[in-house]
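Participant: Sharing a structure with you now.
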Amino acid sequence: MNKAKLLNSKLLLIVILVLFLFTRLYKIGEIPLSVYWDEASIGYNAYSIAQTGKDEWGKFFPIHFRAFGEFKLPVYIYSVVPFVKIFGLNAFSVRLPAVLYSLGIIVLVFFLAKKISGSRTVGIFSSFFITISPWFFIFSRTGYEATAGLTFYLLGIYLFLFDKWSWYILFSVISFILSAYSYNSFRIIIPLTLPVLFFSELNKLKQVKIVPVILSVLILSLSFIPIYRLYKYDNGASRLQVVAAAPQAFLKNYYSHFDPKFLFISGDKNLRSQQMGFGELYLPELMLLPLGLLYLIKSKSKYKLLPIILLILGPIPAAITKESPHSLRAISMAPFISVISAVGAVAFGVWIKKTLIINTVIGLIFLAFFANYFLNFVNIYPVQSAKDWQYDYKKIFTDPKLQLVTSDRVLISDKDGQPYIFALFYLNYNPEKFRQEVVRNSVDKWGFSTVKSFGKFEFGQIKN
């Protein structure tokens, strides 16, 4: 590739990154209108760690955060800690790490696509498609742990594919471990991904150095100990028992993620995951995906089947749960769909023999689709999704007209889950004071718990 083309690809990548940052940072603390209870829990536990070194339960720098009883994973929470220290406890601090992780995803998708295809143009299109992807958009600007998991998952894959393994194999294993300690879906995906990667890199076995391999095995083995303890002794399996689907539903759930209606028309029904009236992908990808698949299958690249296989693995974590299709649990599908679509876009240009014109037209068409999506997100989505983001709790704890600060006793209905966490989050409640005052209800059979009271706040049924 000559210097001019190399410079152009670098400039295009920079433009894509600027587009990403603008559309993710714009009103990040205001849209969605409020934090969801998982965001509030992540934020408050990070705040508690920043203030006292303990989580809300009083555990010192935990590996698994008990939170509501579902045992949140640590990577994203600890990532929030420095931002809470700098910017205080608010939506911006909780969501900013997701933006930064997602920025890393854009870059990693570029390098992975380039590695798989041998084409910088495919890399550019891949990073562009994931930047504007409806599947990825909301997750990349809200406090979802999945962005951390996906970042380290892609990093682990990229490091594994390095031409010379040497110490890269160790860093790859560390990345996969961090992914597994970021989001639960990757605890299922990674064990399925590793054999695929090993099979694709059999020729590198002769390059293996014994020291990094031994260290990799040792670190990987040690990483299983907290997971084993969680599931064996700490009711860590309760979350899986609650969300697990019946075995006979697996195939139906799995195939639902490839349903054209889900992909291109209605998308995820959960408004915290997708806007109403939008699919997970744009309609033009209906043409690019088959082209990309066909081109990859015919390609001579040694990695030609890798994005297809990893895409096929993507729905498995969601398919074993009751809610399907589920775009968040199947988030690992998004980057590989982008790569396959990018291959299709470039292949179409080559086929027409008008590469520059076709690439420009495709880019502009997708940009127009994204502009519509983004404008809808800014102007309509906030009000449309307010209930799903539990905006009423924000109003309760931030509206000065309610005079919560001057009230001696405040009774709040616990009909909708975990209202206590919003009081802690929006009032920046002192963690030590909370731990001294809190009275919890009995733990249920699944290991989940609710707060009965702390300070002047009481949570329970309100009779008319």
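Along the chain as shown, the residues are counted starting at 1.
Every residue, even glycine, has its Cβ placed from backbone N, Cα and C.
Annotations in TrEMBL come from automatic prediction, not curation.
Under the heading domain 'Glycosyltransferase RgtA/B/C/D-like', TrEMBL lists 74-221. The feature transmembrane segment is assigned by TrEMBL to 92-113, 120-138, 144-161, 168-190, 210-231, 303-321, 333-351, 357-375.
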Participant: Of the residues in the domain 'Glycosyltransferase RgtA/B/C/D-like' (74-221), how many are helix, strand and coil by DSSP?
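Facilitator: Going through the domain 'Glycosyltransferase RgtA/B/C/D-like' (74-221) residue by residue, I get 124 helix, 0 strand, 24 coil.
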Participant: Would the transmembrane segment (303-321) count as touching the transmembrane segment (92-113), i.e. at least 3 C-beta pairs under 8 angstroms with sequence separation of 6+?
Facilitator: no
Participant: If you average per-residue pLDDT over the domain 'Glycosyltransferase RgtA/B/C/D-like' (74-221), what number do you get?
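Facilitator: Result for the domain 'Glycosyltransferase RgtA/B/C/D-like' (74-221): average pLDDT 94.
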Participant: Quick one: do the transmembrane segment (333-351) and the transmembrane segment (120-138) reach 3+ CB pairs under 8 Å, ignoring pairs fewer than 6 apart in sequence?
Facilitator: yes
Participant: Using a Cβ cut-off of under 8 Å, list the residues of the same chain at least 6 residues beyond the transmembrane segment (303-321) that approach it.
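Facilitator: Cβ under 8 Å, 6 or more out: 115-116, 157, 161, 184-186, 188-189, 192-193, 196, 200, 243-245, 250-251, 253-254, 256-258, 293, 296-297, 329-333, 336-337, 339-340.
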Participant: At a C-beta cut-off of under 8 Å, are there same-chain residues at least 6 beyond the transmembrane segment (168-190) that contact it? List them, or none.
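Facilitator: Counting only partners 6 or more residues beyond its ends, the transmembrane segment (168-190) has Cβ contacts under 8 Å with 63, 73-76, 145-146, 148-153, 155-157, 159-160, 162, 208, 212-213, 215-216, 219-220, 223, 227, 239, 313-314, 316-318, 320, 329-332.
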